């Protein structure tokens, strides 16, 4: 279907074409049933999305995880948009299986014939070859797919921003560089490496690490690994996405086993949740949404580790923009919910397995809302001393470079990110950080009674996930989106891998793509380098220690008038350049978010009940101001979306307004 049918609009970024190796097998079975995930826009009357700098300026204590209903009111899909799409869907005899306002998704099922009618497209059956892992042989896959665009009814233009699952080809590949024991290997253990990197001496109890998986693991292998290290076997929970389950295969299972083993042995005491998903685009959207906005039966995770990639490059014909935009938006949700996302940068240097003479970076490694982890080689270990190099050997090389799709984020403005080797454009630099990755210094991972070598940036990402879990436990709060803070700390908390010894770049010989050079400070081989774990914890603590905590203590409004307090903890005048003996005062202001202004209006009055003019002592103190909130509402029923009143508390001295923070009130109300 080449032309746009009357009454429809082309969904931008939705074009999918068969791969060059694909063979057309005919039309798709019109009676085949399947499900798709429809992603909706964020609500138009929601709160402004924080930028990258917000996560440096605002301590974790002031960006607490929201419930799904709270998140939906601020950043989710509106009930009006959900209802409108639902009406169109059901009118085309499709079934709405699930709606989730916070995830902004509708899961819809139907037959091929019904889907073709609703999306004004034609579906075929295709056969092509895929390679799931770096060292796997190509295998044939038959899939249901597009050869063109998805279209949507013109009344839904702008409301629907993505549709995933219509084309169900596998897009997920593993980054693991080798499953076999390479010659002359000297393996290390994760506890050895965490000791070399000076991880904080801190249990990660209370933390849960999510693992992205398309395969499975054997419980016996996990037990064997941890017993061999004399570490308590972690609690491992399976979470099934879109019908995928713990499926054990000889080629894919070592990946999941390694991710579980490395992350949990880097963070003793932490629990692990393995999220199993099919390898298609729909699985990515549903998995990330499930981690960030979990169902009631699923764990609440503080870190997500992914050793997989979707696209070898994030440019041109190598990627589709609608899925990258939708996943990037989900990663931004993760940042808002305090979930750190650690992603492997890739094991194929600057060419990223695309033979076209250009440099490329993988997606989602190039996303500016994730912590991207590159690779190093550790050698000459002697007690606590060791050498560390850019990983670039005959088994693989650290992925890194400059994104062609994502712009340079603000936190990288002073990191001297080079221009692209392709067209001298500027973009998001990859990776952010690095860790041990070479098979020549990899980890012994049990698999089905034998031992394999766990390596690649697939081993580096879960190691960093373990470090983040330890830091979260040590700080007593989830650090969440950490990139801006890491770049603010810079070289002081990293082992600089500058190429003075060993490989000097990530160019893979014979592949035709130019590489990026290692240098002092940040570079596109290893980012800032490998971590100095305790120094990183100290640095993050110091950054956020300068932010005293101001929390408007408000719960659900149940009656008029509601009394609440503004509490200030840990304020030290010197941290803000304010002299002891000065006076401070508090004030508050509301922001009311209505899901549907047509249902009525609401206003509120905030009044300070206990007027204070507090004198500052030189040491950290707690101050409390008490307010009342009186609201007036013309909303006629309580069956609308919850109303959010967002209270901003401002504390001032004579010199300046030095800090503010937001508290949330969620309530249903009728007319007064």
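Each Cβ is built from the backbone N, Cα and C atoms, and glycine gets one as well.
TrEMBL entries are annotated by machine, without manual review.
Same-chain residues lying 6+ beyond the ends of the region 'Disordered' (1-26) with a Cβ under 8 Å from its Cβ atoms: 120-122, 124-129, 142, 145-154, 157, 160, 162-163, 167, 320-323, 325. Positions annotated as region 'Disordered' by TrEMBL: 1-26.
For 187-543, the entry in TrEMBL reads domain 'Peptidase S53'.
The active site, charge relay system feature in TrEMBL is assigned to 255 (among others).
According to TrEMBL, the active site, charge relay system annotation covers 259 (among others). Taking Cβ-Cβ distances under 8 Å and a sequence gap of 6 or more within the same chain, the neighbours of residue 259 (active site, charge relay system) are 211, 212, 213, 305, 307, 458, 461, 462. When secondary structure is read from DSSP and collapsed to three states, residue 259 (active site, charge relay system) falls in the helix class.
The active site, charge relay system annotation in TrEMBL covers 458 (among others). Of all Cβ atoms in the protein chains displayed, 30 besides its own lie within 10 Å of the Cβ of residue 458 (active site, charge relay system).
Residues within less than 8 Å, Cβ to Cβ, of residue 523 (Ca(2+) binding site) and separated from it by at least 6 positions along the same chain comprise 400, 497, 498, 499, 516, 517. Residues or ranges marked as Ca(2+) binding site by TrEMBL: 496, 497, 521, 523.
According to its DSSP assignment, residue 458 (active site, charge relay system) is helical. Per DSSP, the region 'Disordered' (1-26) is made up of 0 helix, 8 strand, 18 coil. Geometry remark: residue 255 (active site, charge relay system) versus residue 496 (Ca(2+) binding site), CA distance 28 Å.
Neighbour density for residue 497 (Ca(2+) binding site): within 10 A of its CB lie 29 other CB atoms from the protein chains shown. For residue 255 (active site, charge relay system), other Cβ atoms within 10 Å of its Cβ number 28. Here the Cβ of residue 496 (Ca(2+) binding site) has 18 other Cβ atoms within 10 Å, regardless of which shown protein chain they belong to. Under the three-state DSSP scheme, residue 496 (Ca(2+) binding site) falls in the coil class.
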